[in-house]
Every structure is written in C-alpha cells, then in structure tokens.
Amino acid sequence: MERALQGNVTCLKQENAQTLSWLGHPETRFTFDHIACEMISQEKLFKVAGLPMVENCMSGYNSCMFAYGQTGSGKTYTMMGNIHEIDGNLNDDCGMTPRIFEYLFTRISMEEECQRDEKLRYSCKCSFLEIYNEQITDLLEPSSTNLQRRYGERCIC
Ligand SMILES: Nc1ncnc2c1ncn2[C@@H]1O[C@H](COP(=O)(O)OP(=O)(O)OP(=O)(O)O)[C@@H](O)[C@H]1O
Ligand SMILES: [Mg+2]
C-alpha cells in the first residue's frame, strides 16, 4: 500500500550542511548550525560534535550532549555504538561515549605532563542517572530510587 501511495519515498532532503527540507505540502525548510548526513561515520561525527565538546571542557566550560529522538532513530547507536574493543583498541563502530572518554583522558595526561612543573592535577567526577516516568534513579547505586531534584548555582538538569 505504501508503494502504491508512493509513501515509501524519503520525506527529508538535506540541502547542505545547515539546511534540511521536509518534502511535504507545503515544503518546509529548517536551518541548523550543522547537520551530519545520515551516512556519516562514528569517527567523523565524533570529530564534528564530540571532540570540540571535550576541548571546551578542557578550557573550563561546561559541556552537555543530549540525544533526542523517537525509538529506533539511533540514539544508543550514536552514543554507545559497538563498544567491544579489538586487541585493546576502540572498535571502529564505537560511538560518542567511549571516544569522548578516550580522548578526554589522553588530553588530561598530555596536559599533566606538559604542566608537570606546576603540579597540575585534573579531577574527574562521574554520575549516571536515569530519569524515567519523572522518577530519578542513580544507576551507579540503583537501590537509591526516586532521588530529589535540587536546584543550585551549579546544578545541571
Ligand atoms: N547510523 C547508523 N548506522 C547503522 N545502523 C544504525 C545507525 N543508527 C541506528 N542504527 C541501527 O538502528 C537500530 C536502532 O537504533 P538504536 O537502538 O540506536 O535506536 P534508539 O534511538 O536508541 O531507540 P530506543 O529509543 O528504542 O532506545 C539499531 O539496530 C542500530 O544499530
Ligand atoms: Mg536506545
């Protein structure tokens, strides 16, 4: 039926690195800072979106990556991908998270080495939270469910 109604054709067209068109009626254009094409490799996407984020962090700014989309749209693929290492190296198909952490810790080692005389030390903290049905769970301590939100100067939600 989709074929008969010509409903199986692509409904989006990427015009350039900033513009996307919805080919419906009326045709609608959307503009973004950057659009990665659907065939982009995990490595290239990391270079475009992940690496600058780590560099921002190294310069003292906060960074946040937010994956949003309907089910099956590729959030887990983009953020995790294939995380199975090959001979101790990242898999070619691994996603943002392992690439970001590998790059972050390499940069930290480089900076600490370069600024050895100043005894520069970096401190990393990690939290892993799930927000589901308006309930917050600490995934590193799953027994602590229904955590409370507290807003403060440095609270990131
Ligand atoms: N860019 C891509 N290249 C190849 N395969 C992909 C790509 N994006 C997604 N996939 C595949 O499509 C399927 C659905 O993707 P994924 O599981 O990442 O969706 P999701 O957005 O996390 O969905 P959900 O919201 O249900 O968790 C998976 O089999 C994934 O491997
Ligand atoms: Mg998923």
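Cβ from N, Cα, C; glycine included.
What TrEMBL says about this one:
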- 1-157: domain 'Kinesin motor' (DOMAIN)
- G69, Q70, T71, G72, S73, G74, K75, T76: ATP binding site (BINDING)
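Structure coloured by features recorded in TrEMBL.
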residue	record	contacts (Cβ under 8 Å, 6+ apart)
G69	ATP binding site	K75
Q70	ATP binding site	none
T71	ATP binding site	none
G72	ATP binding site	none
S73	ATP binding site	none
G74	ATP binding site	none
T76	ATP binding site	none
- Under 6 Å from ligand 1 by C-beta, which of these binding-site residues make it: Q70, T71, G72, S73, G74? Sequence order, please. T71, G72, S73, G74
- Where the C-beta lies under 6 angstroms from ligand 2, the matching binding-site residues among Q70, S73, G74, T76: T76
- Query: For G74 (ATP binding site), what is the secondary structure state per DSSP, taken as helix, strand or coil?
  - Reply: coil
- Message: Other than G69, Q70, T71, G72, S73, G74, K75, T76 themselves, what residues in this chain have Cβ atoms within 8 Å of the centroid of the ATP site's Cβ atoms?
- Response: Y77
- Note on the structure: In three-state DSSP terms, G69 (ATP binding site) is classed as coil
